[in-house]
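Feature annotation from TrEMBL assigns transmembrane segment to 24-46, 58-79, 99-118, 138-156, 202-224, 236-259, 271-290. Here TrEMBL flags 39-288 as domain 'G-protein coupled receptors family 1 profile'.
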Amino acid sequence: MVNQSSPVGFLLLGFSEHPRLEKILFVVVLCSYLLTLLGNTLILLLSTLDPRLHSPMYFFLSNLSFLDLCFTTTCVPQMLVNLWGPTKTISFLGCSVQLFIFLSLGTTECILLTVMAFDRYVAVCQPLHYATIIHPRLCWQLAAVAWMMGLLQAIVQTPPTLRLPFCPHRQIDDFLCEVPSLIRLSCGDTTFNEIQLAVSSVILVVVPLSLILVSYGAIARAVLRINSAEAWKKALGTCSSHLIVVTLFYSSVIAVYLQPKNPYAQERGKFFGLFYAVGTPTLNPLIYTLRNKEVKRAFWRLLGRNGDSKNT
């Protein structure tokens, strides 16, 4: 075993045993990254420049867009280099930084999606008190909690993971420096790290997801008591985009971090990990813009056209 504190780099295997697949994935990842940059930057611009989008919902959405921009920029450039050429190495420092940022932003997104579910719950179930409950100061506080929780999780979990006694081949069977992949690379006792990963997964994945489901359960009960078809349509429009994003994000996170230990699950986890890192940040702005008339109207206003007359 090599000294785990040495600056020796790692080899990110990814799908190196399938060269033709790597070329296809290079094109897919590059296109997805460009769409991520375009879509999330557009949402940030609209949320900032259009006064009609200065509301709690779009404040949290702009936080999500900024997070997705940081998230993909952390991993996609390195991924593209590895997919295109024969060099698939990453330095120890590069792996450390990627792991830290990935943990921090991934945790922040879990908490942020829970906060957005709470915002939707208040909007549907307490519409008359929405402005009183979800006031600007609370929005900033909730966003700060999400970002601080992400930072805390990265500070707690990164050092023990990087102190593992890694095997001499230093080959990470993944696209990224993630905790499960680095634990599998260790040639020593990983009991503490596995317990830490399990506990953090319950606290930061299972608990937030449970709170989201409780919020939507309450929303569903409130909607079922409504007899107006227009109110049903409005409630569905308010929640559907967020619910789709939650489904895509948590299904990929659970597949990556709560997968069983067997070769098939590990290989399948690569695809889910790729979708988690590249797919969801690309789809998020598309889901929120294509299904949201307010965002589309703000886009037309930004172009200098009359957005209020646009209903498509």
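Our numbering is plain: 1 for the first residue shown, then up by one each step along the chain.
Just so it is clear, glycine is given a Cβ too, placed from its N, Cα and C backbone atoms.
Here the transmembrane segment (99-118) has Cβ contacts under 8 Å with residues 57, 60-61, 63-64, 67, 70-71, 74-75, 142-143, 145-147, 149-151, 153-154, 157-158, 161-162, 176-179, 182, 204-205, 208-209, 211-212, 215-216, 242, 245-246, 249-250, 253 of the same chain, all six or more residues outside its ends. Counting residues 6+ beyond its ends, the transmembrane segment (236-259) has Cβ neighbours under 8 Å at 106, 109-110, 113, 116-117, 120, 123-124, 178-180, 197, 201, 205, 209, 212, 216, 219, 223, 265-266, 268-269, 272-273, 275-276, 279-280, 283-284, 287-288, 291-293 in the same chain. Spatially, the transmembrane segment (271-290) is not adjacent to the transmembrane segment (138-156); fewer than three Cβ-Cβ distances between them are under 8 Å for residues at least 6 apart in sequence. For the domain 'G-protein coupled receptors family 1 profile' (39-288), the model gives a mean pLDDT of 88.
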